[in-house]
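Have a look at the structure below, then the notes.
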Amino acid sequence: MLQSIIWSDGVLQLLNQTLLPAKIEYISCRDWQTVAEAIRRLEVRGAPAIGAAAAFGLVLGARELITTNEKFWPGITEIAAALRKTRPTAVNLFWAIDRMLSVASRYDQGTDPAIVVAALEDEAQAIAAEDKEVNKKISLYGAQLFTRGEYAVLTHCNAGALATVAFGTALGVIRQAWAEGKIRRVFVDETRPLLQGARLTAWELAQENIPVTLITDNMAGWVMKNGMVQAVLVGADRIARNGDVANKIGTYSVAVLAKEHGIPFFVAAPVSTFDFTIASGADIPIEERSADEVSSFGGIRVAPEGIDIYNPAFDVTPNQYITAIITEYGVLRPPYDRAIANLANNEKINLRR
Ligand SMILES: CSC[C@@H](O)[C@@H](O)C(=O)COP(=O)(O)O
């Protein structure tokens, strides 16, 4: 399994996901600006992967501040603010930066900056290592939802190893359920406009010989109507306190279709994807990306010049469409406001330990 993020000898290697599957190429990030640009361009993408990359970006930035003798503390604040601006929807980005800043804040301003940088590096490595562990737990809990051997599942976008530090969330569950003989096939929405399903998810599954059928996004309803899938599994970019889920554009349509066809719709996400500060999905900022992503296909313009284009990168699925949310603490069932309040308390208890 290829790793999306590698930290080695003080350099952050990011697998360039915009080139996959045609080319396997890593971007060597030696400064925080390269990391910020990679997040913006989706060279590294997927909520947990963005969070981990930003954490290492902050380490690179802090290190630069020592070597260039710039003012260390205001510099850290500025770099953190710049990294926060790279993408607005996945809350893992903000969660990781906040976690890094809280480590820095344990030191007073007279501390040797080299000590602070070492602590930041430890924290970024902890964020990455924990993501692996968390995804393993999510996968094991999620696989328990599948009891029979005849499931075909549908997924949207890429919530796999590429979108995380390892294993994946929704795709981690699929991998685990496959290994336990509970899933026989995975239908993958191609996920327009940037084809994370076709380029990344289909590729990850094929590499592990998990039977995969690629469909275009507009085929999902027909596949469901014909009884070809028995469950839907997706990841998430931000989950509100009431269980509304932001994920890749098109997820909402799949959820509505699943409900209409009586098919369970599962979301798999770590606690770092929950935004305990917002009451509902109405408060989730939705990224709008460049019109070129929609007007062109494979680098070739397909839409007429000068036409108006709307390109939201995410949508919000209201909680009533979601059968269960799989986390590292277990499976949450409706009513989500209560389940998520318990999760928030659990998380606080764990942080205190
Ligand atoms: C485990 S990743 C979950 C989500 O981040 C994923 O489904 C998704 O929507 C990614 O969007 P992207 O725009 O490719 O970063």
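Glycine too: its Cβ is placed from the backbone N, Cα and C atoms.
Pulled from TrEMBL:
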BINDING   Arg45, Gly46, Ala47, Arg87, Gln196, Asn247, Lys248  substrate binding site
SITE      Cys157  site 'Transition state stabilizer'
ACT_SITE  Asp237  active site, proton donor
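A map of TrEMBL features onto the structure.
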residue: Arg45; record: substrate binding site; Cβ contacts under 8 Å, 6 or more apart: Gln17, Ile39, Asn158, Leu162, Ala163, Gln196
residue: Gly46; record: substrate binding site; Cβ contacts under 8 Å, 6 or more apart: Ser4, Ala90, Asn158, Ala159, Gly160, Leu162, Ala163, Thr164, Gly235
residue: Ala47; record: substrate binding site; Cβ contacts under 8 Å, 6 or more apart: Ala90, Val91, Asn92, Leu93, Ala163, Gly235, Ala236, Asp237, Arg238, Ala269, Ser272, Thr273
residue: Arg87; record: substrate binding site; Cβ contacts under 8 Å, 6 or more apart: Ile39, Arg40, Ile50, Leu93, Glu287
residue: Cys157; record: site 'Transition state stabilizer'; Cβ contacts under 8 Å, 6 or more apart: Ala163, Asp189, Thr191, Gln196, Gly197, Thr201, Val234, Gly235, Asn247, Lys248, Gly250, Thr251
Collapsed DSSP category at Ala47 (substrate binding site): helix
Annotated binding-site residues Ala47, Arg87, Asn247, filtered by Cβ under 6 Å to ligand 1: Ala47, Asn247
Number of Cβ atoms other than its own within 10 Å, given for Gln196 (substrate binding site): 27
Greatest C-beta neighbour count within 10 angstroms, which of the recorded positions Asp237, Asn247, Lys248: Asp237
8 Å Cβ shell about Arg45, Gly46, Ala47, Arg87, Gln196, Asn247, Lys248 centroid, substrate site members excluded: Ile50, Ala90, Cys157, Asn158, Ala159, Ala163, Gly235, Asp237, Ala313, Phe314
Whole-number Å value of the largest CA-CA distance among Arg45, Gly46, Ala47, Arg87, Gln196, Asn247, Lys248, listed as substrate-binding: 17
